[in-house]
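Annotated features in TrEMBL:
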type: DOMAIN; residues: 127-382; note: domain 'AB hydrolase-1'
type: ACT_SITE; residues: Ser207; note: active site, charge relay system
type: ACT_SITE; residues: Asp345; note: active site, charge relay system
type: ACT_SITE; residues: His376; note: active site, charge relay system
Amino acid sequence: MSAMLETPELPAVFDGVKLAAVAAVLYVIVRCLNLKSPTAPPELIYQDSALARFLIKSCPLLTKEYVPPLIWGKSGHIQTALYGKMGRVRSPHPYGLRKYLTMPDGATATFDLFEPQSEHCIGEDVTMVICPGIANHSEKQYIRTFVDYAQKNGYRCAVLNHLGALPNIELTSPRMFTYGCTWEFGAMVNYIKKTYPQTQLVVVGFSLGGNIVCKYLGESQANQERVLCCVSVCQGYSALRAQETFMQWDQCRRFYNFLMADNMKKIILSHRQVLFGDNMKKPQSLSDADLSKLYTATSLMQIDDNVMRKFHGYSSLKEYYEEESCLHYLHRIYVPLLLVNAADDPLVHESLLSIPKALSEKRENVMHVLPLHGGHLGFFEGSVLFPEPLTWMDKLVVQYANAICQWEKTKSHCSDTEQGLSGQE
């Protein structure tokens, strides 16, 4: 009798369980998608100077809030995964000419050259020299999208293809691209300077490419000649500091590390005959045992230690990371330098951001830009669900470059006017 009286209450209990389950799922969704995170203008760190004031006035994106797609855009993981999986949406196909340069060690460097599609805003000849991210090249969708946008704004673009990254280009020496080798990028820049003696340069690097371009500029004062400015996006600044954080499971960095290592293994093994075969001279310390270790590697650090550092004769992984990072070269860069990172980049630990922050607090030529969202090379924009073809990153780099060009033209005009008045006196 008592059991019959309790029966009608059971559906209410079940409804309560369902409601709790739905609430739990919604909570997880809100947390994973970071939906409660606000949208805001990027954090800017810089020294008060005439250049900084001009940039803030001329670059609205620096002070305007970055609004990612409403549903998923506040998740750094989804932004990163979307970039990694498809690069960009409705990516254009700019037409360029592939150039081949023979390096002193017999390697063949390649880059793609894209001519401007309109007149530049200052009416001058300006070339963007671009270094892509790890194992990337000019055919990647995010590079194609950026190049097309830069062309339409009057820039010639030269895009380095990392040595060994293009699947249809064979290696001609037993060496691939590495974390901080600037040889191929320098050869491309020298070609542009020689071929276009009137052009001025805007240097752009994405992720690993940011490390390479900053290291290249800091290696020699001569490398900064005819360079208007440099933009680095989503780099980590110090591989030595990053290696420990990249092995942690926090923010799934260890998983990203595994995926990137797996991709690197495929690229290296596609050139196995050239790199490990007996028919070509290998680096003295590279052996068949290293090939065996490569098969079992599960992190970029293992690959760097067993293979990559040996291309340049480093005796240890620590020495390789210490010497190849741009950290020790940043203070030698004197041209305007824009360092862009995202606060939710799952690949770059927040501790690494102390490097660009400290630099921008000391140097008038440096500005650090840190939006809350964007992931690693994502920075998608859009209303609710579907992202726009152009990203916040694409527009910021071109907007900053335009502002620097205007700044230099204004300085040159003022200098000419002063010289004219001096001559009249």
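Using N, Cα and C of the backbone, Cβ positions are placed for all residues, glycine too.
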Margin query: List every residue in the same chain as His376 (active site, charge relay system), at least 6 positions away in sequence, whose Cβ is under 8 Å from its Cβ.
Written below: Gly76, Gln79, Thr80, Tyr83, Gly84, Ser207, Cys234, Ala342, Asp345, Pro346, Leu347, Val348
Checklist line | Sparsest-packed of the listed active-site residues (Ser207, Asp345) - C-beta count within 10 angstroms | finding: Ser207
Check: Which whole number is the mean pLDDT over the domain 'AB hydrolase-1' (127-382)?
Finding: 95
